[in-house]
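Let me begin by presenting the structure, written as structure tokens, before commenting on it.
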Amino acid sequence: MNLHEYQAKELLASYGLPVQGGILAHNGEEAAAAYDKLGGKFAVVKAQVHAGGRGKAGGVKVVKSREEAKEVAESLIGTNLVTYQTDANGQPVNSVLVCEDMYPVQTELYLGAVVDRSTRRITFMASTEGGVEIEKVAAETPEKIFKVTVDPLVGLQPCQAREVAFQLGLKDKQINEFVKLMTGAYKAFVENDFALFEVNPLAVRENGALACVDGKIGIDSNALYRLPKIAELRDKSQENERELKASEFDLNYVALEGNIGCMVNGAGLAMATMDIIKLKGGQPANFLDVGGGATKDRVVEAFKLILEDKSVQGVLINIFGGIVRCDMIAEAIVAAVKEINVNVPVVVRLEGNNAELGAKILNESGLKLTSADGLNDAAEKIVAAVNA
């Protein structure tokens with residue numbers, strides 16, 4: 001689950017991090033009032049969406065009057081912002097953050113942290129190249145990124161934060177200020193189950209003080225059950241409609257750009273299914289894992305979800321019966337096809353627990369369902385049916 005910039009800044013500020021002042025506005029009048037309240041020579045109006053690249057897409061504007069703040073806010077709110085991180089439809093802008101005048105600054109730095117799966121620990125990354133995409137820095141000048149891995153038994157040590165401060169070229173009081181900032185960020189990361197933390201840029205102001213000009217936070221969705229206050233910050237308008245609906249039924253769904261819908265039990269088998277569809281010349285329309293403990297209701301909902309995508313021209317169902325019984329899946333498929341007006345070819349491959357009984361149920365259903373003998377056969381049949 002991702003947070004908006006204003007939510008991330010509020011959370012980080014509660015842990016003692018110095019953040020750029022800002023006021024949230026939902027319309028032009030509120031933006032104009034926010035400009036007056038901030039009282040600077042100019043302000044920055046930022047569209048609040050769950051996507052990077054806002055500046056290049058026109059979602060971040062410098063304004064020099066209350067009238068301009070109102071005009072920019074009204075031009076953004078109610079529209080969809082398309083960036084390099086969104087699809088062609090973009091993300092809806094429901095509010096803007098009117099931020100204080102902070103420039104000129106001495107320099108812009110970068111500070112971020114992720115859960116590093118290779119070391120199974122939290123790893124901080126810092127760079128003197130702030131204000132640009134860290135991926136670009138990593139690709140072109142990786143030597144300018146400094147990394148610190150945190151031992152979970154002892155936590156982030158002040159000496160580690162000081163070492164990063166030295167590498168960033170900070171001096172005197174700035175070092176202690178940075179140590180406080182980094183240790184606060186670590187505490188926030190652990191206590192709120194962050195998956196991603198990023199401040200870009202971390203500005204060194206003209207007076208030498210540090211300030212978080214932007215804030216990006218991703219929360220581990222698996223931990224939301226123990227983070228009720230964080231869960232309340234979820235903005236469902238920023239999520240894919242079908243992915244959101246899938247989460248309500250505990251289905252793992254990711255929309256793709258192909259035309260062959262996939263329903264599979266198990267993430268590994270789902271990825272293998274997409275691979276073989278590609279190998280046979282097809283394009284998967286989605287990743288959909290109904291899980292090892294799939295129920296009849298979940299399979300019906302999964303089928304509905306796939307067919308809601310108008311680009312789907314065929315469906316491949318690939319089930320390995322281990323925990324789940326193939327006959328139960330077959331009954332659910334028959335129920336779903338009868339309930340929904342299915343006018344695309346459906347190929348079903350069942351293996352494992354009660355697979356023969358499941359195939360019998362499908363064959364005796366009287367519906368236009370094609371059985372497959374093995375994954376290779378299933379992929380060939382669905383690709384041929386879609387291309388027919």
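The backbone N, Cα and C atoms fix where each Cβ goes, glycine too.
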Residue among Asn259, Asn265, Asn376 sharing the substrate site, where Swiss-Prot lists Gly322, Ile323, Val324 as binders: Asn265
Gly53 (ATP binding site) to Ile323 (substrate binding site) - Cα separation in whole Å: 44
Other CB atoms, at most 10 A from the CB of Asn265 (substrate binding site): 26
Whole-number Å value for how far Lys46 (ATP binding site) lies from Ile323 (substrate binding site) (Cα to Cα): 49
Residue, out of the binding-site residues Glu100, Glu108, Asp214, whose Cβ gathers the largest set of other Cβ atoms within 10 Å: Asp214
Rounded distance in angstrom between the Cα atoms of Asn200 (Mg(2+) binding site) and Glu108 (ATP binding site): 8
For ATP, whose listed binding residues are Lys46, Gly53, Arg54, Gly55, Glu100, Tyr103, Glu108, the greatest C-alpha pairwise distance in Å: 20
